[in-house]
Amino acid sequence: MESIEEKLTQLRTTLRHHEFLYHVMDAPEVPDAEYDRLMRELRALEEAHPELVTPDSPTQRVGAAPLTEFSQVRHEVPMLSLDNVFDEASFLAFNKRVQDRLKSTDALVYCCELKLDGLAVSLLYENGLLVRAATRGDGTTGEDITLNVRTIRAIPLKLRGDNIPARLEVRGEVFLPQAGFEKINEEARRTGGKVFANPRNAAAGSLRQLDPRVTAKRPLTFFCYGVGLLEGGELPRSHMERLQQFKAWGLPVSDRIRLVKTPEEVLAFYHQVEADRPTLGFDIDGVVIKVDSLELQEQLGFVARAPRWAVAFKFPAQEQMTTVRDVEFQVGRTGAITPVARLEPVQVAGVLVSNATLHNADEIARLGLRIGDKVVIRRAGDVIPQVVNVVLSERPEETRPVVFPAQCPVCGSDVERVEGEAVTRCTGGLICGAQRKEALKHFVSRRAMDVDGMGDKIIDQLVEKEYVHTPADLFRLTAGKLTGLDRMGPKSAQNLVNALEKAKETTFARFLYALGIREVGEATAAGLAAHFGTLEALINASIDDLQKVPDVGIVVATHVFNFFEEESNRAVIRDLTEEVGIHWPAPQVVKAEEIDSPFAGKTVVLTGTLSQMSRDDAKARLAALGAKVSGSVSKKTDLLIAGEAAGSKLAKAQELGIEVIDEAEMLRLLGE
């Protein structure tokens with residue numbers, strides 16, 4: 001019979017194995033729920049037998065009392081910084097210096113890595129056990145952050161494998177992925193906590209918490225990139241091979257590393273990473289180029305506080321300081337009034353930025369922003385530039401406050417802010433030109449009425465020339481009237497008239513989505529269409545009736561109910577359906593229990609990409625066969641249909657034990 005000690009050893013080994021697969025190999029083999037179950041089992045056994053708890057147990061990541069201050073750590077091998085280059089010419093000059101100093105360049109190979117935008121840390125392992133973690137500090141002395149680092153699941157408390165040196169100091173970067181950063185700030189805004197300016201600040205703030213229980217709640221992760229102290233063992237004489245060895249021992253290493261032989265290949269790597277930067281999921285601020293051979297590194301040596309054999313090739317800065325010239329207010333499709341900072345133009349991440357969103361009145365208050373202030377602007381990837389913070393030390397005397405308008409800046413209607421909402425809205429509806437433009441652009445968009453050739457610039461002209469006031473007016477346009485628009489010849493005008501005629505035949509779900517009801521996206525529109533079947537039934541539905549639709553709660557139900565209660569909206573709908581002639585196939589309303597179908601009465605979720613039919617068509621077919629089509633997976637879900645590139649919904653369905661079929665099986669059951 002297995003002893004308690006053996007069971008504890010087996011559980012710890014299994015959990016470390018799954019941590020290695022998840023954090024290092026990026027290939028988990030069990031769902032999170034199974035990992036959590038094993039952890040609960042281990043924790044229960046250790047609570048029953050506290051004398052058998054070991055420091056390297058996966059349960060011992062959190063548990064120490066809060067510190068009053070951090071102790072100092074002196075680095076036995078200094079943590080040096082890197083010299084920076086900011087353009088190709090400077091990198092080529094670095095490459096020339098390297099070549100000039102070497103006796104021979106035959107063996108010269110560069111190892112190219114990502115320059116992570118986090119916090120550099122030192123991890124000291126003794127006989128494979130993590131005994132200390134420290135910040136870089138000034139390079140000679142850092143702070144002891146061992147208790148906090150132990151909470152980071154990507155960092156192994158015990159190395160795996162053989163031939164581990166007696167004392168090994170691993171160096172790397174602790175950072176916060178974008179998704180985790182957004183989650184932390186969302187929670188902070190909800191609770192009135194501290195909102196971080198960027199992921200790096202959030203990572204640094206998380207690591208420097210005196211209470212490790214706070215750090216444990218932050219989704220920090222780690223990549224290693226080098227070694228400091230090495231005693232009682234050997235490592236390969238290639239930097240790349242060292243990283244591969246670290247990975248084998250259970251330490252996470254970035255998979256974006258490449259060995260190259262020429263400066264041209266380095267530049268190609270740099271530009272490829274720069275292009276991929278928005279999709280990485282975490283912040284980087286450049287690439288690091290290192291001579292791969294340890295022998296050549298030793299020949300090159302160091303200068304001052306940086307190695308001669310490595311350089312950081314930085315991307316254009318993502319943050320810059322500039323001045324707020326003014327704040328203007330834009331009106332969106334739903335009437336939301338958004339303040340926009342007009343800035344002294346400044347280059348940020350290679351783009352000239354002159355505007356930045358301020359989101360809403362609460363954000364202006366949080367920033368303490370005044371017109372004339374010096375501010376820090378951040379732009380990451382394709383994200384709209386944002387004001388990160390006000391530089392109060394640079395505030396001039398002549399600043400003035402930002403005043404939210406009492407009337408819509410476009411139509412003059414009163415504005416309102418509903419209690420509990422952050423957004424201020426114009427009450428003008430379709431009489432507001434700004435709302436009209438955005439509402440019409442949404443109405444004709446591909447996923448709505450799908451009017452081929454009706455672009456934003458055409459809508460702008462139609463509204464400005466007062467040819468169109470409501471969606472129905474679009475369908476009354478003639479080729480002659482359209483020909484008067486910029487860059488619109490007779491043939492293009494006739495093609496657009498034909499496209500409008502074709503768009504009159506649609507689906508109930510598309511029509512609902514096109515109306516632009518607040519909080520009603522494609523999935524919700526499809527659910528409403530499937531549940532009610534007819535427009536009349538939906539218009540007459542109560543808030544309680546609406547909440548019977550899968551994934552429709554009180555907020556969405558109230559928005560839908562209020563939309564149809566508004567007489568002007570009902571008039572627009574009558575005009576579209578009765579006068580213009582927009583129509584869709586009549587539903588065959590049959591009770592689910594009367595339908596002889598494998599989908600009847602089941603709650604079905606679609607995920608991934610379907611190749612044989614559109615998502616809307618699939619939802620309509622399933623609904624006609626008695627299914628309730630939902631947009632999210634829950635315990636109430638009966639069936640998940642997984643197309644290509646299915647993601648988190650598939651994983652959750654598998655975790656909950658929900659039946660999963662592919663598109664081919666769905667088509668077979670549909671009788672296709």
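Using N, Cα and C of the backbone, Cβ positions are placed for all residues, glycine too.
What Swiss-Prot records for Lys115 is active site, N6-AMP-lysine intermediate, and it gives sequence analysis as the kind of evidence. In the three-state DSSP assignment, the secondary structure recorded for Lys115 (active site, N6-AMP-lysine intermediate) is strand.
Positions annotated as NAD(+) binding site by Swiss-Prot: Asp32, Ala33, Glu34, Tyr35, Asp36, Ser81, Leu82, Glu113, Arg136, Glu173, Lys290, Lys314. Long-range Cβ neighbours of Asp36 (NAD(+) binding site) (same chain, at least 6 residues apart, Cβ-Cβ under 8 Å): none.
Its own atom aside, the Cβ of Cys432 (Zn(2+) binding site) has 21 Cβ atoms within 10 angstroms in the protein chains shown. Residues annotated as Zn(2+) binding site in Swiss-Prot: Cys408, Cys411, Cys426, Cys432.
Swiss-Prot lists 594-672 with the feature domain 'BRCT'.
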Checklist outcome for this item: Counted with DSSP (H/G/I as helix, E/B as strand, rest coil), the domain 'BRCT' (594-672) has 28 helix, 18 strand, 33 coil
Checklist entry - What are the non-local neighbours of Cys411 (Zn(2+) binding site), defined as same-chain residues 6+ apart in sequence with CB under 8 A from its CB? => result Cys426, Gly428, Ile431, Cys432, Gly433, Ala434
Next on the checklist: At 10 angstroms around each C-beta, which of the binding-site residues Cys408, Cys426 has the fewest other C-beta atoms nearby?
Outcome noted: Cys408
Item to check | For Lys290 (NAD(+) binding site), nearby residues of its own chain (Cβ under 8 Å, 6 or more apart in sequence) | outcome: Tyr110, Cys111, Glu113, His239, Gln297, Trp309, Ala310
Item to check | Distance from Lys115 (active site, N6-AMP-lysine intermediate) back to Arg136 (NAD(+) binding site), taken between C-alpha atoms, in Å | outcome: 16
Checklist entry - From the centroid of the CB atoms of Cys408, Cys411, Cys426, Cys432, the recorded Zn(2+) site, which same-chain residues not already listed sit within 8 A by their CB, in sequence order? => result Val331, Gly335, Gln407, Pro409, Val410, Gly412, Ser413, Val415, Thr427, Gly428, Ile431, Gly433, Ala434, Gln435
